[in-house]
Amino acid sequence: MSAGFQLGVIGSLALSVASSVAIVICNKALMSTLGFPFATTLTSWHLMVTFCTLHVAQRLHFFEPKAIDGQTVILFGLLNGTSIGLLNLSLGFNSIGFYQMTKLAIIPFTVLLETIFLKKRFSESIKLSLLVLLLGVGIASVTDLKLNLLGSILSGLAIATTCVGQILTNTIQKRLKVSSTQLLYQSAPYQAAILFATGPFVDQQLTNRSVFAHKYSAPVLGFIVLSCLIAVSVNFSTFLVIGTTSPVTYQVLGHLKTCLVLSFGYTLLHDPFTLRNILGILIAIFGMALYSYFSVRESKKKSTNDALPVSQMPDKEAEPLLATKDSSDTKKANGLSHDC
């Protein structure tokens, strides 16, 4: 793994955390202070602004668009839009504690799906670090666990669509060799369309209020615009992180954001905070540190194994090189290897 790539990954992680925390602060002011509770409709506006921004950037040649199979893009966009709507419905029809459990369940289900369908293997160390992380976030954020049939069904659908959507985000970028910007540019209109069509209905069910009947004051409009602008960075960094790392890493990062938001709420907004919250955050941060350590160690180990020098290859692979001693010595010095 090159130094440039590592810096790019660190930069994408930092951008994701900073933009996500910023939009939580903005939306908290918009929804709690200014009384605009229409989260799903607001998300559709986020995606529309994101697409418009990327379209302008493309016309100014900041990136080159790349054609992707239409059916793939449409299905991908609709799946991601549906997952957002289902998560909002899950929050509306479940207790906050059960909703937090739904979000926690995304990591193990993602690991399970990648293991079954992508044949990806996770070491015992990675699994242990994820368990510690989930334990910490659970202690910090989960309160009550009231169950109901409709809420449970919605949560199950939300978990399934979110896991599949994030795995596809990573898979499409790597297999079709498209950048995060290109994929987001192609799929954002479809994600926006499904949320724009269903958002008012979903928000009506959750709030018993109509987004069309709301009185839009100057402060409300100002925070909506600010939220949409920050969302451009959030959406871009989401695709960037999943594309350069993995869906599991993105979920780990999401729980870091949860801990930061809880800490921010206590420090600046004086939200209720208990010893349990503090203990949970500390355990979660320890779990994240373990995950980061084991991920980096395994990445380095994989890079070393993928670039074994000739001297470490099986004898039958090295035999053809014995006739040309100079060539063999040069390759050994440069650490080159032959593919099987």
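A Cβ is built for glycine as well, from the same backbone N, Cα and C atoms used for every other residue.
Sequence annotations record features per position, and here TrEMBL assigns compositional bias 'Basic and acidic residues' to 326-340. If you look up TrEMBL, you'll see 19-292 marked as domain 'Sugar phosphate transporter'. Annotation comment: TrEMBL describes 305-340 as region 'Disordered'. Positions annotated as transmembrane segment by TrEMBL: 38-60, 72-91, 125-143, 149-171, 222-243, 275-294.
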For the domain 'Sugar phosphate transporter' (19-292), mean pLDDT (0 to 100): 86
Long-range Cβ neighbours of the transmembrane segment (222-243) (under 8 Å; 6 or more residues past either end): 12-13, 15-16, 19-20, 22-23, 26-27, 29-30, 34, 36, 42-43, 45-47, 49-50, 53, 166, 169-170, 173-174, 179-181, 183-184, 188, 249-250, 253
Distant-in-sequence neighbours of the transmembrane segment (72-91), which means Cβ under 8 A and at least six residues beyond its ends: 39-40, 43, 47, 99, 102, 151, 154-155, 157-158, 161-162, 164-165, 168-169, 172, 183, 186-195, 198-199, 202, 205-206
Spatial neighbours of the transmembrane segment (149-171) far in sequence, C-beta under 8 Å, 6+ residues away: 76, 79-80, 82-83, 86-87, 89-90, 93-94, 98-99, 102, 105-106, 109-110, 113-114, 118, 183, 239, 242-243, 246-247, 250-251
